[in-house]
Amino acid sequence: ASGTSAVASTALGTAQGLAQAHSIRRLSNQTKMHLTDVLGLPFNASERLLARPASPRALWMGPPAINGVWATPHKHSLIHLAMERARTGVAWKQHFAKDERCRVPSNCSNFAVGPFKEHPVEAAAARHRCAPSFVIPGTQKGASTFLFHALSRHPQVVPPLRGAHGYKEAGAYVLRNCRRNNYQLGNRLHRFPFIEAEDPFVTGDGTVHYMLSCQDIPRELVRDNPYIKVIFALRDPVSRMWSDYRFGSGWYKSKNLGFNQVVDGTLPDFRRCFDRFLNSSQSIEAGISQFYTVRCVTQVQDSHNLIKKSLYIFQVKHWLNVLGHHRIRVVTTEDLKLNQKEVLRSVLEFIGLCPFKFGNLGKDNVTPFRVAGEHRINRASFEKLQAFFRPYNRALYEEVGRDLGWEMTKWESFH
């Protein structure tokens, strides 16, 4: 639809693309009324033709749109969602055009082509499409799903076309063997909606493995969009570990590994791996390489990397090195609990989006408490982990310029 191609194509997900409205001549009258209602075009049933819009594009809804069996879309269907978003998009685009705060041209950068081998059609398409404008690269169990879905409610934000956890984790920048390979451009193009430079829309990616897995991921993101904004959703390291353990409780139960056993079995290895890098900023830089290239514990000991995921300083510092402080914002679970509206307002401002009232937002992707008594965290493990993470947390506070207050977490909160 004119001015709403991004939101509409995203809502359909599997749509084949856009069709010229004036060339679709076999639509039933009912179908035409639906389409013209979405597009805001005049409709004349006797002419059996769609009036040609100023920008001749319509939503292509597949065979049901032209085979005479069109029915009113189910309330929760993709096509119904497409129509609702398209209607909303027309009104919002008019609003965006009048509000200087709602224009985000500086955030649009076309997907990069080369130096690797790419399909010529995909390379041509990449030159006209905006790459993601923001990314939430983690951490796992740090409220990243809540934050991404909250942002997706904003009328300027168009979610990815595919991905886990409700079109959140596109995974478009996951690197095989941590190396860039040929023909990966198409993988990125097919996961995000078609947004052009003049459209007042943005898309994002909330893949939580980005901050942990490969050193080259932030460079790949910057390669596609040098203006990309990064929001880290972090959480008290011990609380995050305990939530992550519950999230992976099936694996731990199959190995008969309680949380305290995992801590006792892996904490000494992580001390040997990383404690020596806490002396100076130069040591932190050396620790980044160690973090991404050396496996301190085996898969048998802990397949979910509970402690490693919570060592935020090496991950955040690496991304700061690549993007700079002005393109990175840190949000915590604790911030969201205490002052949700203010946190979301500041994130919208950081990305460059219109002010927006999100309304009441419920919990999202909460990990159920499904751990047997003998496998639950005990006070001794909590205190060991608090002591272990304390210097790493302080290094992070210094790097991001504020105290995140995780030392204030009390054992009683785990009950």
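We number each residue from 1, going along the chain as drawn.
For all residues, glycine too, the Cβ spot is worked out from N, Cα and C.
Note: TrEMBL annotation is automatic and uncurated.
Other Cβ atoms within 10 Å of the Cβ of LYS141 (active site, for sulfotransferase activity), summed over all protein chains shown, number 27. For LYS141, the entry in TrEMBL reads active site, for sulfotransferase activity.
Residues or ranges marked as domain 'Sulfotransferase' in TrEMBL: 217-353. Residue counts for the domain 'Sulfotransferase' (217-353) under DSSP, split into helix (H, G, I), strand (E, B) and coil, are 94 helix, 11 strand, 32 coil.
Per TrEMBL, the feature 3'-phosphoadenylyl sulfate binding site maps to ARG235, SER243.
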Of ARG235, SER243 (the binding-site residues), the residue whose Cβ has the fewest other Cβ atoms within 10 Å: SER243
